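Q: OK, TrEMBL features for this one:
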- 163-290: domain 'Fatty acid hydroxylase' (DOMAIN)
- 67-93: transmembrane segment (TRANSMEM)
- 113-134: transmembrane segment (TRANSMEM)
- 154-176: transmembrane segment (TRANSMEM)
Amino acid sequence: MILKMPALLLSASCHLSRLFSQSRFVSFSTRLIKMDLVVDIADRYFFTKYNIYPGDWSEDYWLRQCFSSAILCYIGGTTIYLTVSPLVFWFIFDHRLMKHPLFLKNQIRREMWMSLTAGIFLCLLTSVVLLLELRGYSKLYSMDEIDVTVYEAIVLVIRDSVGLILFSDCLIYWIHRFLHHRYIYRHLHKQHHKWKIPTPFASIAFHPFDGFLQSVPYHIYPCIFPTNRHAYLVLFFLVIVWTISIHDGDYRVPTVLRPFINGSAHHTDHHLFYNYNYGQYFTFWDRIAGSYRSPSVYEGVSLVDAVNKKATKVIDEGECNGYVGKAHEG
């Protein structure tokens, strides 16, 4: 049954796509959409204004668009990372965890180095997908392109946002689980799991191809379903913030939401025990596929306990054996 889930999802996606394509709101999707808002602004006020590219590279030249989207992707992602991560680290992260036996030597510096260097290659990979969006191979739209009332516009934004969240939550679960396969894990995802006690700076400390694979659902959604361009940009920002937040060591979630939200408590156990809590936002797919684990902190076992009971020195990665679960082997 588990193996059939992705196929069932694809079938459902195709069916929903046909339903959406019949809507009057997507008649514009078959023509070339105007250039993405961010790239358009960057061209107007920087790339074109200061002649950054060769003179014969017009604004709609595909190679220029590819480079521009990669540059803007890196600048945007890095700006959010270097702004939000320090704030979360200083004001939310429990600094006592830095004395945990599994906290690595120079860990924060290593997390940041991996994030900032891998981000370059990640954005180059991502630019290929963004190019498809820039050249009109998506169903991104703006409200001024369709004739709707304010109420209808609000409904559309809610529809697009909820759809993107649910779609990406499902696909990222299966992609994440695939990355834990024994033939894949050691080559890609293992780099992210070296952080047994992650900090907010570990949020995007991935192998570039690992990070790219987990971002693919966000890029293919607007190629299948109509998606408001502004809502899409806002959600992209919020996705990065969410990714930082589930590495912040702050386990406070309203009690009524604990069974449903895959928050920091769940993701911390994922880093420690590997084979549980693969979900991005919700626990739904973990529960269906049998990989759900109730967070240790909800069961009365806190990582801070290890700080109090064990030696408080910061040790290196090679000394971590014996404290955590075994990586997925199949």
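Note: Cβ is positioned from N, Cα and C throughout, glycine not excepted.
Please treat TrEMBL annotations as automatic predictions, because they have not gone through curation.
Keep in mind that this is a model prediction, so the values were computed, not measured.
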Q: Using DSSP, how many residues in the domain 'Fatty acid hydroxylase' (163-290) fall into helix, strand and coil?
A: 82 helix, 4 strand, 42 coil
Q: Suppose you look only at the domain 'Fatty acid hydroxylase' (163-290); what would the mean pLDDT be?
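A: A mean pLDDT of 96 is what the model gives the domain 'Fatty acid hydroxylase' (163-290).
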